[in-house]
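Copied over from TrEMBL:
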- 223-232: compositional bias 'Basic and acidic residues' (COMPBIAS)
- 57-135: domain 'Blue (type 1) copper' (DOMAIN)
- 176-292: domain 'Plastocyanin-like' (DOMAIN)
- 501-614: domain 'Plastocyanin-like' (DOMAIN)
- 218-245: region 'Disordered' (REGION)
- 1-33: signal peptide (SIGNAL)
Amino acid sequence: MRRFVAHRRWAPAVAVVLCAAAFVAYDVGPAHDARPAWAEPVRNATIVIDQGATRKGFATPEVTVSGGGEVTVVNLDSMDHTVTSVADGPDGLPVFDVRVKAGTTATVPGVAALAAGEWAFYCKFHPSMRGVLTVVGGGGGVEPERPSFEQPLVVPPTKRGADIRLVMRRSLVRTMPDGPRTSMWTYDGTYPGPTIRRRGGQGTKVTFVNRLPRAAGSMSTHLHGDHHEPQHDGQPTTHLIRPGRSRTYDYPLTVDGRPEPGSFFWYHDHRMDRTARNNWRGLQGMFIVTDPPTPGLRLPTGARDVPLMISERSFRADNQLTDPFAHGPRMVGHHGEMAWVGPHAPPDDATVGDTVLVNGRHAPYLGVSATRYRLRLLNSSPFSSYNLTLSDGRPFLQIGTGSGLLPRATVRTSVLLGPAQRADVIVDFSGATGRRLVLESVPAAPGLTGDDARETAVMEFRVGARARDTSRLPARLPSPKLVSPVPTRVARTWTFGLDGNDRHGTFWSINGRAFDPERVDHRARLGTVERWRFRNTSDVTHYVHIHAQQWRTLRRDGKAPPPWERGLEDTWRLEPGEEVEVAARFTDYTGAFMIHCHMLDHEDHGMMARFDVMP
Ligand code: C2O
Ligand code: CU
């Protein structure tokens, strides 16, 4: 089996090789050598991890070693880190991988066997820490696996009825191109679960039956992005779906008496403290609210409208999911609130998979005609961000968020999506007949202060012949109305941070507190418009998601939001130090709703708050 997580880039490497070689040579070269250090190949090299590495990355992100040499890792930080190759070997495991405990030194295994070239590496616990190990001269015979796309993309079965029944059960599903199938917790036997397609205004009832192993406990399903009553929202601690029982959720697909706009929603488990685990095991599916018929709007449809759920997992050699939650942090009471202790307590609780799946399959390919396609992109990963590009630089025309069309289509060469974020894009494959284009994720644009995107191939498009294409791309899109006017006063500031202490444990916090389902953190009145502000005082990125309503983004760091953030939105990237302001009118429903970070470990470990809409 071939499994890959990355693409190596050769072109920009040369400059890196030269300066890294000089740097490392001075560092470890013999002290009394009169010859210029840069002229000498570097036999052994050192990767240094300094204090604050989760923020600052590796102190030596570029390291060069001569073939057959040795690489030592010195960890001066107070946290454990790993040096893990991005590239996998033939066994599907990283080519090198070493955990370096706080304050210790370790040797990277297998370096002497590496072929000459560049080997990207990262820290599994803190994936924004990344570097490149360059092997120069005659190295060993180990080459990374090249991307290969061996299985076709599968689009999950579609359900279109007004009454839908989905049985949650354990099933064997195909994830890898060969070897055993993977045992997952599924909605109705597939991962992702069936894609539900309904027109706005078509009331829809979905009954979820819990036939999962009893030990999995009660479940709660949230239709992410949709507007419905609180008892149908997938509450974290109430209205649960107990083992052996079922619950029917009622989704009218209306807002304020009108049909919901065309949207790309998704449904997933939302059980308190178990959301990351339950999603990892497979409880995820897509839900498309189709566009109302609009004269002049002819977007690609049918087989040319493809939902793509990108999500990552880690697998054992027998294709079974690893269990990153088996030794998770322990919850402790702390002044009536919760905190977490143990080696994976916040901020060391990032669940990152090493294998990327699209619609549940690793490295799939899709045959396309040389025409326009509508791709609905969803990142349902627990933690990682993807900055999506096409390998030939072909742009995406972004026409919508997951929450409706944008007022104007916007051309993008890369689309950054964090957990739960969606983008509705058109790709025109004309002119690419006979070519294979790779959808890949590349490190995000410089200027990002928070966590970077993964570097990995995602899937392949095999472009066939031209075909009849009647789609049209209007410059102005029939996008949903945004709330206006908006108050100038901020009704609520939500501050995302990290709190706790060594004695009592740590927690991800909103306004200094960990989630308490009994505590109401804000009250908003039905029918009013509120302006909310998010702030991030921690040193990592968060993705803020609000239930109940769709929002208008007013400001990002005091400025007008970028063009792709000018439609309705429910999940925002929030960099360290950033401030985002949003507004919405509270309509239709009173009761309890959630605001939380959609990095699922953060959500499970405190970063959630409750707001109530009052009559
Ligand atoms: Cu997608 Cu509160 O979740
Ligand atoms: Cu977060």
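Using the three backbone atoms N, Cα and C, a Cβ is placed for every residue, glycine included.
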* Counting by DSSP, what is the helix, strand and coil composition of the domain 'Plastocyanin-like' (176-292)? -> 13 helix, 51 strand, 53 coil
* **Stretch-averaged pLDDT - the domain 'Plastocyanin-like' (501-614)** => 96
* Structure fact -> DSSP puts the residues of the domain 'Plastocyanin-like' (501-614) at 8 helix, 59 strand, 47 coil
